[in-house]
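Presented below is the structure to which this report refers.
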Amino acid sequence: MKLTCMVIVAVLLLTACQLITADDSRGTQKHRSLRSTTKVSKATDCIEAGNYCGPTVMKICCGFCSPYSKICMNYPKN
């Protein structure tokens, strides 16, 4: 019984600490614009059509990688 009560108190205490910490850190992100620009540049960094896209290449194709020729291809336009 004592152990159960201690576990319940510990869980409540840890939950309260998490909630207090979350409230204190709201809106305090530094260099917000720098971080978002970096994410965008990483997301758009891709291999153009006609270039090799095999397993040794670290970037992804802007379109899709042909499974047979391992060449980046553009998506067909309808």
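Heads up, the Cβ atoms here are built off N, Cα and C, so glycines get one too.
Per Swiss-Prot, disulfide bond is recorded for CYS46-CYS62 (among others). In this structure, CYS46 (disulfide bond) is part of a beta strand by DSSP.
Here CYS53 (disulfide bond) comes close to ILE47, ILE60, CYS61, CYS65, SER66, LYS70, ILE71, CYS72: these same-chain residues lie at least six apart in sequence, with C-beta atoms under 8 angstroms from its C-beta. The feature disulfide bond is assigned by Swiss-Prot to CYS53-CYS65 (among others), with similarity to another entry given as support.
Cβ neighbour count for CYS61 (disulfide bond): 19 (other Cβ atoms within 10 Å of its Cβ, all protein chains included). The disulfide bond feature in Swiss-Prot is assigned to CYS61-CYS72 (among others); the stated evidence is similarity to another entry.
Same-chain residues lying 6+ beyond the ends of the signal peptide (1-22) with a Cβ under 8 Å from its Cβ atoms: none. Positions annotated as signal peptide by Swiss-Prot: 1-22.
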Task: Densest Cβ neighbourhood among CYS62, CYS65, CYS72 (disulfide-bonded residues), 10 Å radius - done: CYS72
Task: Three-state secondary structure, CYS62 (disulfide bond) (per DSSP) - done: coil
